[in-house]
Amino acid sequence: MSTTSRPGLWALITAAVFALCGAILTVGGAWVAAIGGPLYYVILGLALLATAFLSFRRNPAALYLFAVVVFGTVIWELTVVGLDIWALIPRSDIVIILGIWLLLPFVSRQIGGTRTTVLPLAGAVGVAVLALFASLFTDPHDISGDLPTQIANASPADPDNVPASEWHAYGRTQAGDRWSPLNQINASNVSNLKVAWHIHTKDMMNSNDPGEATNEATPIEFNNTLYMCSLHQKLFAVDGATGNVKWVYDPKLQINPGFQHLTCRGVSFHETPANATDSDGNPAPTDCAKRIILPVNDGRLVEVDADTGKTCSGFGNNGEIDLRVPNQPYTTPGQYEPTSPPVITDKLIIANSAITDNGSVKQASGATQAFDVYTGKRVWVFDASNPDPNQLPDDSHPVFHPNSPNSWIVSSYDRNLNLVYIPMGVGTPDQWGGDRTKDSERFAPGIVALNADTGKLAWFYQTVHHDLWDMDVPSQPSLVDVTQKDGTLVPAIYAPTKTGDIFVLDRRTGKEIVPAPETPVPQGAAPGDHTSPTQPMSQLTLRPKNPLNDSDIWGGTIFDQMFCSIYFHTLRYEGPFTPPSLKGSLIFPGDLGMFEWGGLAVDPQRQVAFANPISLPFVSQLVPRGPGNPLWPEKDAKGTGGETGLQHNYGIPYAVNLHPFLDPVLLPFGIKMPCRTPPWGYVAGIDLKTNKVVWQHRNGTLRDSMYGSSLPIPLPPIKIGVPSLGGPLSTAGNLGFLTASMDYYIRAYNLTTGKVLWQDRLPAGAQATPITYAINGKQYIVTYAGGHNSFPTRMGDDIIAYALPDQK
């Protein structure tokens, strides 16, 4: 029955709400359809407008029509995304809510509904809810499996001879494996872990700091003492059993807000061997028998006596050297920032540095430099843009090459082969290469293997050709001897990259162990530039199998998803390695990378790896010069204070605007939700003998996702899969540990299956790599919960140790 009598209040409200929703979806949906997106939004919008009209007319046909809408939505969403709870929610949440609203008796009666006329709609809503319920029990992004548990190599080589109970380097050893042979804490008892001690560095951000400040430090441990750097590179020596601070050394960091970021990832350790000599053959000094080498963001390296906290006066100028002078072509504060601990050999410090990304064509060189560990004398250089990369500066060649490719993360070192493996990035500017020379791209990006004594090239492997995406090799490579099918052990190097590919090479020669065939990629660079026709793509990869499409577009509601779909279709996107463009290009994997600086945790006995890849698209838009975007910096111009937003690229035709692919509806409220369906972060287990990803699970919850927004409220701890920034740890106790996720937890995983066995709430973000060690037979797990303000996570100053309770 229909009626044209005056509608009641609830019918008016219903008509108004449906009309508003319908108008938004019709207009937006027409836009989506016009630029190549799905027709569903405009169809739904028109159906809502019709439902609004019928409701206003008090016509019960509104109930029948909306039943068809709900049924149609269920069919559409299951066809497009299947039983994926997070993909279903934005496609059906508003439709279900509106359907339930129409079923409310005080609403349905006012539009002429009866028990009979509401049944089809009730059934449709029930089916939609049932689809959501069923999707709770399946995860199409999940890979289940068991890593092998048998020991493939009971006595893996350790040229550094690190005691099992200690952690001497960033990756425990300079092989970069992030694995410990300790097993007191294991899969059967890890749920009993308790806080053993908790201290504060009291080193927090201040008003003079740059926009990006990160606490990414991984401690080292020996002689029952932890050594680590804080935000402003203060060096702490902490009793590993009690947390008592033994001493603090302050390098008096000289900083200004123009720095791109403030970061210290860790320190290095050198112990004087018996009968040691320096690089000139003179007897090594007797003082500072144990040295801590501290990188400082203003361009210095400082050596400190591990026992006393005093500088080693015989090193450089009273314990420090300046890596910038006298041979850097430009010494603008903040352009050259040592952020990662250097490689240490018996006699040398091999140091690299971060260079400001997308800054200028007039920037410091990324040359690798080796210094005498006792005196600070420079012994060799590797300046990647120089035709002779080992040429030391002299009167005819007083400075390094400007903008030479650099390495900003930790290198690895094989003492037996005497080779140092340097993960290289492209020289800045990063997203445009029209002016690059062959020399400037000869060693970037990729892995450079150098003789540690001389800096002479052993081999080079390029991971990206003519890089226009800032696809540096971002992680310390892992060195492990891997069993081949014929039973032989091959010395391998595993290099995780931002593209999601893990390049597996024979570390003696640089030859591929796992094939990485050259693969055609999208063409068409910006005017004045070019693209490589192919890129190497490793067959060991965590890169998504398929390019992004409409089924991958997400949002909190159907409205957000529609605007994300508009955003998606206005960008250039043709799959991996889509070139940057003036209209804006979608880069996936994005600039943050599937792998970042955390690297892999590799068990050399079981020959398995634990990883925490990221799955977050970015947008890269080249911006032609014009008002507010000058070719060269104006007087008193400052740095960007971060690596997203408008990056100046002074001296080339374009600046570049870089940012994650985020929901444009929520972003004005400071809510940074990606436009790609979650998960945005995983944990994964890899069998290194078969080079297969055996298990992969979404990791992390929504709980802290609102931090930094205008609505900083905690969300329910519902697992969604959030990005993580920091490294994993694995142990012989069949455990993996990770603290780096965007929610504030330390988690322990069964290394065989990836199942979470234990977690504990942290007071701040812990975008760092945890370590483990043992003192007096007691094993500890330690992490630095210091936060990362541009990730963003809450800042802190907390060093926290966990251990099993003492037996009574």
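Each Cβ is built from the backbone N, Cα and C atoms, and glycine gets one as well.
Quick look at what Swiss-Prot lists:
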ACT_SITE  ASP470  active site, proton acceptor
COMPBIAS  531-541  compositional bias 'Polar residues'
REGION    514-545  region 'Disordered'
SIGNAL    1-33  signal peptide
TRANSMEM  35-54  transmembrane segment
TRANSMEM  59-76  transmembrane segment
TRANSMEM  94-108  transmembrane segment
TRANSMEM  123-138  transmembrane segment
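In terms of DSSP secondary structure, the region 'Disordered' (514-545) contains 0 helix, 7 strand, 25 coil. Counting only same-chain residues six or more apart in sequence, the Cβ atoms lying under 8 angstroms from the Cβ of the residue listed as 'active site, proton acceptor' belong to ASP357, ASN358, GLY425, VAL426, ASP430, GLN431, LYS498, ASP591. Proximity of distant same-chain residues to the transmembrane segment (94-108), defined by a Cβ-Cβ separation under 8 Å and at least 6 residues beyond the stretch ends, is recorded for 10-11, 14, 17-18, 21, 44, 48, 62-63, 66-67, 69-70, 73, 117-118, 121-122, 124-125, 128-129, 132, 557-559. Tertiary neighbourhood of the transmembrane segment (35-54): same-chain residues 14-19, 21-29, 61-62, 65-66, 68-69, 72-73, 76, 95, 98, 111, 550, 558, 562, 565-566, 568-570, selected by CB-CB distance under 8 Å and a gap of 6+ residues from either end.
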